[in-house]
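Scroll down for the structure; my scribbles are underneath it.
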Amino acid sequence: MKTKQRHITKIIAFLLVVALLFGGAVQVLRISDDTHSRAEFDTFYRLDKNSLDAVWIGASAVQSSFIPSEACAHNGVQMYGLGTASQPVALTKYLLQEVQKTQDPKVYLIDIRMLAYDYDVMGNEIFCDNYIRRVTDSMRFSHNRTQAIKDMVERLEKKTGSRVNAFDYYFSFTLYHNRWSQLTAADFGQDADSFMGYYIYDDTESFDKQETLARRSAKPLEVSSDNQQYLEELLDYLDTFDGNILFTNTPNNLEEDKFANYNYIKKKIEDRGYEVLDLNDHVDEIGLDYETDFNENMHVNYRGAFKITDYMADYLKEKYELPEHEKETDSIYEKTQERLLSRTEEMEKRNE
Amino acid sequence: MAITSLKFFAFLAVIYLLYCLVPRQKRWFVLLGASLFFYVVCGSLRLFVVTLLQILVAYGAAIRTDKQQREGVSTKINTAGILTCLAVLFQIGALLYYKEMNFFVTNGNILLHLLGKESTLFLWQIVAPLGISYYTLSYIAYILDVYWGVVSPQRNFLKFCLFGIYFPIMISGPITRYQEIEQDLYAGNRADYQGFCFGLQRILWGLFKKLVIADRMAPIVQEIWSGDFYGWCVLIGVLGYAWQLYMDFSGCMDIVLGASELFGIRLPENFNTPLYATSLSEYWRRWHITLGAWVKDYVMYPILKTKGLQTRAKKWKKKFGKKMGKKMTTWIGLFFTWLVVGLWHGGAWTFVFGSGLFFFLMIIGGQILEPIGKWCIEKMHIPTQSFGWKLWQRIRTFVLFSASISFSWSASMKDGFRMWARCFKPTNLSSLLPLASRADWFLLVIGAVIVWLISYGKQKEDVRMYVAKKALPVRWILYLVLLFAVLICGVYGPGYDASSFIYGQF
């Protein structure tokens, strides 16, 4: 009997060691993309519980427009942008639920930009494995993540007409295990290019402000049936959601059809009783310079991001009576802001 | 359900648990149930009818034959012999139909064409029952062994079913003889603690060879074969394929034997460090051992013992001398042996030649040139027991083996020769580097070194026993390194086909 107990103890001890090491390996060998999706989620999970006043959910439009550390430095508002580049709208509901697990913000912002897209700039479908994984592979293991994957896999199978191996979504280690030869500091939590989810866009393209703004009056144009469905589902979900919701449309220089699409989407949302803040209508208040503040037609660059952030921080603080948090020198906001300012200073010197 | 997939290991875990919970006398039922389930999932329920028919014929023929022999019925007609022949022919017929039909059709059409007639034979769409190449040989061996009185027939039909479709051996063998596993299969033993650990270690080692080495080598070899590579690059591709095949097949065997060890069932070894072989004859005594032993016992020896060949042997000994006469007789046996080996591998000339007749030619060539070889060694005072000479022999043997099986990999004999012709064009070895990342090349080299070291260690003592004697921290570090090498460096996940074992196609 003693021998048997010894053997069982050895087996359990060995399995525990394996579990520990495997957990570490899974933590390191995860998604790594050029838009820093993983760092965005990892930083979110490290924030103090119930410390956020607002959360902004959207795709790269939000990621490029909003700087959490700047908002805090500007007027003490603590806000976070949660979302990944080309993020499918169908995942919004699961992100809202993810936020609610550890935070209790006074307002949830949802950007509408992706509702006008079925394909990305390279002609790839938005609703695809790649873009779904940026979110699901960055989320922590949880029931919410499982539900998100189940939903996305069902939708993908319906869309493509072929079977999708859900196992690889649930255990993304099967996809990333061979990244062992490409590990960088970012894989160990030191992503120097992510600033609390903000990712610097540093190109500059000039646009004709008046020409762009003239497109705002484009006649509403229906979006695709898929996007209509995503919007309907989202609005139905929000009807039962416990929290203040504000939809946004971030500044851009897209073609007239897109402005028409957004006008269609805005009307649909407003008809359902929700508010939409179209930042394209507030560019003067924001102080956006169409010569210097845009990266390309879809995103602002870091100069534009600072301005939008300041505007949003002031707007939300006033509208929702957000508290002003005391600035702590060792806080993640301060440290990030220091890093960011140092980086943008370098960029400015390089651009001169 | 590939045996490198998580599904298989989950299945194995469930079966093992059930096996342990069920009373000892009933444990073989669990194995039978598992094997039937495995067959249906990996094969087809419809084709199981064919397998069942083969089982019935082997079972019935053996019992009937044994009965007639025990009753000692003396008649002019050897009915037991006839029954045995018919049963064996049935098994061979089933195997030929499912494996070789299109080979005969294709060559039949070629023959008709040569005779100036129209090629009217059509190729058939045939799907073979799972494991037919392996279990058919096992049944043939069983029928003959019962006839020869080597083994008593199994009277329990369900137990006999288990012998044929025992799930670990369905994909790539080994080819088992009834008497080798009878005891273990029905005894209901299970591995003790050390046996259990050894079984798991062997599975892990098999996964390392398959997932880390073989599957990493595969796209490189594929690229060399199908791309614009010349000179030394082609030779590297040839050697690479042989290495990949060895890692793939022996890795599979390690997983199969390790899984079986968990149930206390020891299957016959199929590999015995073939890298250490110093001649092609020896290579085939160390490679796919069960197939080699099978063809020796059931093809070569029966042919050599036939009256016709015995008579001829006497005449040749008289004419050419005792030694040469004996060799010539053996060559006849060897020819049929290698022809069967080639045909067993597949219904195409690339297999018949590459996996079969090439070895016949090499072995015969070696025997004919033996006196010249001995003279050269004597004149050059080569120390044949030295490390250098042994190394040369091993390298030469591996290169010859690689050369032969390169034809098996080619789409046709023409393609095979065309590929060899590319060897004589100028080389650019650096063109191989982009075929894999630096990390992959590094792993392939390290993997080869590790395999070589383990093979070297095996010559001295059982590696698992050697490691088991080490201190606990040392053992655990070794196991953890191997486990995480497979988990992190293994080739699996989205985009990879877990089911593709090379010998699974046979």
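Glycine is treated like the rest: Cβ placed from N, Cα and C.
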Task: Can you dig out which of the ranges B:7-29, B:122-144 TrEMBL describes as transmembrane segment?
output: B:122-144
The transmembrane segment (B:36-59) touching the transmembrane segment (B:156-175) per 3+ Cβ pairs under 8 Å rule: yes
Recorded stretch that, among B:36-59, B:122-144, B:229-246, B:476-496, has the most CB pairs under 8 Å to the transmembrane segment (B:80-98): B:122-144
Query: To the transmembrane segment (B:432-455), which of B:36-59, B:122-144, B:229-246, B:328-345 is linked by the most Cβ pairs under 8 Å?
result: B:229-246
Message: If you count every Cβ pair below 8 Å, which range out of B:122-144, B:229-246, B:328-345, B:476-496 shares the most with the transmembrane segment (B:36-59)?
response: B:122-144
Task: Report, as numbers and ranges, which residues of the same chain sit near the transmembrane segment (B:328-345): CB under 8 Å and 6 or more residues beyond its ends.
output: 99-100, 103, 133, 137, 291-292, 295-296, 299-301, 303-304, 309, 312-313, 316, 320, 351-357, 359-360, 363-364, 408, 506
- prompt: Looking only at residues six or more beyond either end of the transmembrane segment (B:476-496), which have a C-beta under 8 A from one in the stretch?
  reply: 4, 201, 204-205, 207-208, 211-212, 215-216, 443, 467, 470
